[in-house]
Amino acid sequence: MTDGSKNNPGIRIATQRKSLIQGLQQELAVLDQKHLLRQRRTVETPSAPNMKVDGRDLLAFCSNDYLGLAAHPKLAEAMQEGAALYGVGSGASHLISGHSRAHAVLEERLAEFVSPHIDNARALYFCTGYMANLAVITALAINKDTTVFSEALNHASLIDGARLSRATVQVFPHRDYTALERMLQQCKTKHRVVVTDSVFSMDGNIAELGALLAICERYDAWLIVDDAHGFGVLGQHGRGVLEHLNIKSPNLVYMGTLGKAAGVGGAFVAADATVIEWLVQRARSYIYTTAAAPALAHALLTSIDIIAGEEGQQRRAHLQKLIGLFRDGLHLQVWQGMPSDTAIQPVLIGDNAAMLRVAGNLMDQGLWVGAIRPPTVPVGTARLRVTLSAAHTEIQVLQLVQAINRLDQMSYVAQCFAEVA
Ligand SMILES: Cc1ncc(COP(=O)(O)O)c(C=O)c1O
């Protein structure tokens, strides 16, 4: 019998397709073996502490809805009003016909909100924080004669922005600003851009932005701050890390997300008006994409009002109380809490399989906690990422702490038996 595929291109293509799929199947099997396969769960109720997930009732400690606004009735009402006023789609990109009055008003409101910390402030609304980070890094890394200095624990979107820019990329160790300064001293490129998370998303600790800004000013470098986990949560008025650390500088370019504490979606970049004009002209992930639904921008106006007002202050105060309760209640022998004062309270477990067992055990008890593995965190540092929200009650937080303490205690006993055996 002859091999028909040699003479028949149709058969050859079919065989090739099969082997491409087989290649992916092998890669998926490798991920599975390493306990790195991710799984989506389907949530059937609004984002809130009590959720129905794949048919089960769970108490969730894994959203970034830090102020509990995602299901706020006033925001739902504002979204409906926005849809009635502007429809549900923008219809085009911002530079064609998609830039609506709702986007413009939101940008003015955001600029005014952060203006105590940014002179001559202007803001630009993006579909997502991921896109905002791509935009700002690629646009400010003006050409190949640029070095981007990226914090070791930066979010994936900042890492991808740095990769996408044509700049040289140097990674500086976590919160090691002396090392960064040394790198800046030796830097030969004409332009310099320093990029950091404010609140580190998987650790919960905060960058020392005062020190960082002083260095950036000395070396004429931009400082891009990703405040995804600080905006709305930190600072007396919720202005984020800029207010929390009381900082201000013309070198500062600020990115805040609006799908976490603000409870809706999208993100914004705020900086001197000239920086924003440069982004409008040059930032590809702003220019070449359909503008977000104007109704989202309209709803966000209500969200900013809540964040800036008394209700926001009360929600932040309650959240702070819950953070204290969690930290004081955690008594671990085997695993480790991490030095975080924010709503992100990771519990370091280390091994992927062990961490999945713990997360599974918590879920069996009706508690849903984020199970974070590499590559999101470094190898050997798999962790539970507990996130607290102003929507949680004290009793709910105590329930979680007790469950974690109990499992840690069981793990400690198991270890002792293993050593004796
Ligand atoms: C630190 C950080 N930056 C940026 C983003 C991306 O924001 P968005 O979800 O709006 O794309 C995230 C999201 O998880 C984040 O944690």
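Backbone N, Cα and C define each Cβ position, glycine as well.
Summarising the annotation, TrEMBL assigns substrate binding site to R38, H155, T376. For G129, Y130, S201, H229, T257, the entry in TrEMBL reads pyridoxal 5'-phosphate binding site. The domain 'Aminotransferase class I/classII large' annotation in TrEMBL covers 57-404. Annotated N6-(pyridoxal phosphate)lysine per TrEMBL: K260, in sequence order.
On the structure: features taken from TrEMBL.
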residue	record	Cβ contacts under 8 Å, 6 or more apart
R38	substrate binding site	none
G129	pyridoxal 5'-phosphate binding site	S157, D226, A228, M255, T257, G259, G266, A267
Y130	pyridoxal 5'-phosphate binding site	A156, S157, D160
H155	substrate binding site	N133, D197, S201, D226, A228
H229	pyridoxal 5'-phosphate binding site	N64, Y66, D197, S198, V199, S201, G204, K260, T342, A343, I344
T376	substrate binding site	A156, M202
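Close contacts with ligand 1, defined as a Cβ under 6 Å from any of its atoms, occur at G129, Y130, H155, S201, T257 among the binding-site residues G129, Y130, H155, S201, T257, T376. T257 (pyridoxal 5'-phosphate binding site) carries a strand DSSP state (E or B). Spanning the residues G129, Y130, S201, H229, T257 that the record associates with binding pyridoxal 5'-phosphate, the maximal Cα-Cα distance equals 13 Å. Listed in chain order, the residues near the pyridoxal 5'-phosphate site other than G129, Y130, S201, H229, T257 are N64, N133, H155, S157, D226, A228, G259, K260, A267, each with its Cβ within 8 Å of the site Cβ centroid. A sphere of 10 angstroms centred on the C-beta of T257 (pyridoxal 5'-phosphate binding site) encloses 26 other C-beta atoms. Its Cβ placed at the centre, S201 (pyridoxal 5'-phosphate binding site) has 23 other Cβ atoms within 10 Å.
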